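Worksheet: the structure to be examined is printed underneath.
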Amino acid sequence: MVGTPWGRMRCAMPENIRILLIEDSPKEAGLVERYLLEAAENFSVVHVDRLDTGLAKLADGKIDVILLDLDLPDSHGLETIRSLHAKSPHLPVVVLSDRVDRDLAARAIQDGAQDCLPKSNIDPDSLTRCVRYAIERTHRQLVESTLENSEARYRGLVNSLPVCVLQKDLDGRFIFANQAYSEFTGHVIEDILGKTDFDLSPVEVAEKFREDDRKVSESGKQFRDIEVNTTDGHTSWVEVIKSPIRDAHGNIVGTQAIFWDVTERQMAVDALLKAKEAAEEANRAKSEFLANMSHEIRTPLNAVIGMAELLLDTSLTQTQRDYLKMVHESGESLLSVINDILDFSKIEAGKLDLVSKPFDLRETVGDMMKPLGVRAGGNGLELTCHFDSDVPAVIEGDPHRLRQIIVNLVGNAIKFTEQGEIDFDVSVESRNNGNVDLHFQIRDTGIGIPDHKLGTIFEAFEQADTGSTRQYGGTGLGLAICARLVELMGGKIWVESQIGTGSTFHFTAPFPVTRADRIPHPRAAARIQGTRVLIVDDNATNRTILDEIARSWGMRTQLAADAEEGLILLKEAYAVGDPHSLLLTDVEMPGKDGIDLIAATRDIPNLKDTLVIVLSSSERPTTRKRCDDLRISSFLMKPVKQSELFDAIIVALGVASPEDENEVKSIGGLPKIRPLKVLLAEDNRANQRLAIALLQKWGHDVTLAESGKQAVDQWERGQFDLIVMDVQMPEMDGLQATQAIREREKERGGHVPIIAMTAHALAGDREKCLEAGMDGYTSKPLRIQELHQAIAEFFEAETPTATDEKPSTSVAEPLVDWSHALRACDGDKELFFDLLHLFLEETPELLNALDKAIEERDTEAIHRSAHTVVGSLRIIGPTEAGEVALQIEKAAHQDTIEHAKDLSQKLRSCIDSLFAEAAQIVEGRQTLP
């Protein structure tokens, strides 16, 4: 298109108007050109005398208007206009003619001219007006044409949309609707224009539409909704988006809407919601059923477990005790199964969380293998348990969930194996950045799993075949639970199997390794190095495991596969002057069993005093009696724990007694820790004496700090292995002191373990200590085992220490449980009386300070004084006075001073009673329990 951009897009006149004058008469051309230049300075004229020359000038695109003579040498009449219009349809043309009548003017304008001007009437003013009018009219026509084309395109686009489009004015009258709207509603477009919703819809529907329009027009914001339409009993849903219509000045002049049918989608959503509600209802019913069944099973099971625990605390023979332990452990296993069923629901709902804590892997697995070994032995099977030597002793993880997996997999192996053995093996897959990936394998010689079931065996309610449930029982949840738990642990699980040969279940999982990464080597092992032991077992796997363990302790081993071979080796060893000091034999063997072997040695003078440890997969009363009659040293159930076997060997050889020596760890024992340099931060004198006495008794060098500030200063001046930090102290509390130490460690390097020691026992106290940078936590009153265990978390034990210490029972009576107080001093009566004297001396001063703080209404001083009283009282154990002092501390925290004042009177009364009894203890009128 030839012409200027302004002509197509703007209404304003060009700054400089360029005129093409096509006139063959030089005289008339000169006159017109002179008039134009006189009329306006912004006119410029290009003169040509032929049409073809004029058309060539138009190609330059620099012309705004044409003044045209109709009689030219190369063109004549109206054909001249048509030629120019064809070349540049949007360029205004003004005809200059010697003769102008109405007919000529009309035909000229029809062919594209904007105006006709008689040459005889030309003057500067008329010529200027004519030029400007032609330009303006052409521009206006162009704009109108553009708008018409734009509207046509808009209507075509909107009518082609698959969604309904409509527009209304502010009175709610329809001013536009597209074809889709007509087809969807059944209304003819021409019939609805000018009407409102009240003319087309029921009143209640029209009122809603009108309210929606009002919201849009008043707020100026878009509105979105799902609307329900019901016509002739048919319900449909449409999704609607409404927005305001604005004019060129931004004023809202109406509303517009688009909407589309979402009936199918809404019906699908409704169906999903109904299905979800049905599933939730089914889950609620299932959960209620599981809860009821759990209650019905737990009630008698709790009695079984509880009674077993009570009986275990009575005087029993070793056989009775072992029986009861198995009853107790089996009850716990059954309880675990019930929990597994409930856990499956949690797993499926994504609500089961794992805990993480340090635990001894060998001890944990060994304990759970005992009842499984009895089950296997009862079925005539051998259950072996083997750990590679590089498997760490202590790892961090969830021992309960690991136990679930192992018990389930080993239990399945026992269930589906009729003869042969089940081997449990643990090895290290890899080590990386303080973590170890462990590989657990459970091999059996059972019925195997068909190939087509291997891909679904870990799905819920799946078993190898439909006959498994009838023949072997089970719900089919076990492997699904295992798979989910392994996945939660960050590992993987898989199975290899062959029909008729057996199966091997594998699972791997990552575990952080604690500081006790290696198995402590017992000092007593040095005393059994070189001891010759004969291992007799018909199971090759068991022989290998026992041989590996014994040789790790430096023992000289010899292996036999049956009783006959064992007896021969015993005789030969004696004959060459290198007899076996110990016989380690299985009971259940083909042909002559282990008891026959022992009996044979008792009949041979040179062998009759051979020390014997018996291993058995089952425990029949007759077997135990025969062993006792043959004077065996120990009777151990398979699979035997490494620690259990070691204890049995050193007792049999007379190297140590589990009850009397420090080399053997017993249940509840305290492992010995190397001497440490300990910084104790404690402001309470009684607590200072107790903590120092205990730490020094364990061989540690103790430096005392009586405030948090002193603790930081002492730490900067000295080198300490450990800090035991009270939380609430003057000047700077334990949390602030810990934060200060941690900040300075960032500059100087290193990290000293800090154990919190606090009388606070509220929820969140432990988290506050750990957030401040402390590594451990122990509560007051100090418990020997608890404090020792907190320290042992950070320092590897050298040798365990046996103790029969049992936790005391807390009481809250007005008088003191003095036996508890004595135990808190580790039985040290001298320390006990020192602390008691200190208690009698300090407490009156503490009470006076408390009364003064209450009188001055100083809540901070009340809180501090009451806390100090609590610490002093807890040194002698739980008392009513201690509870009252704790209430005063809480009252100060809550700023209820009057309540604290009332409690202080009660506190003095309670302490008076304590003083009376304490005085009798000191004067010897009342003896210690």
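Note: Cβ is positioned from N, Cα and C throughout, glycine not excepted.
Taken straight from TrEMBL:
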DOMAIN    150-214  domain 'PAS'
DOMAIN    222-274  domain 'PAC'
DOMAIN    292-513  domain 'Histidine kinase'
DOMAIN    828-921  domain 'HPt'
MOD_RES   Asp69  4-aspartylphosphate
MOD_RES   Asp586  4-aspartylphosphate
MOD_RES   Asp726  4-aspartylphosphate
MOD_RES   His867  phosphohistidine
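Asp586 (4-aspartylphosphate) and Asp69 (4-aspartylphosphate) have their C-alpha atoms 132 Å apart, to the nearest angstrom. Of the listed modified residues, namely Asp69, Asp586, the sparsest Cβ surroundings within 10 Å are found at Asp69.
Sorting the domain 'PAS' (150-214) by DSSP state (H, G, I as helix; E, B as strand; all else coil) yields 38 helix, 10 strand, 17 coil. When the alpha carbons of Asp69 (4-aspartylphosphate) and His867 (phosphohistidine) are compared, the span between them is 116 angstrom.
Taking each of the modified residues Asp726, His867 in turn and counting other Cβ atoms within 10 Å of its Cβ gives the largest count for Asp726.
Model confidence over the domain 'PAC' (222-274) stands at 85, taken as the mean pLDDT rounded to a whole number. Here the Cα atom of the residue listed as 'phosphohistidine' is found 12 Å from that of Asp726 (4-aspartylphosphate).
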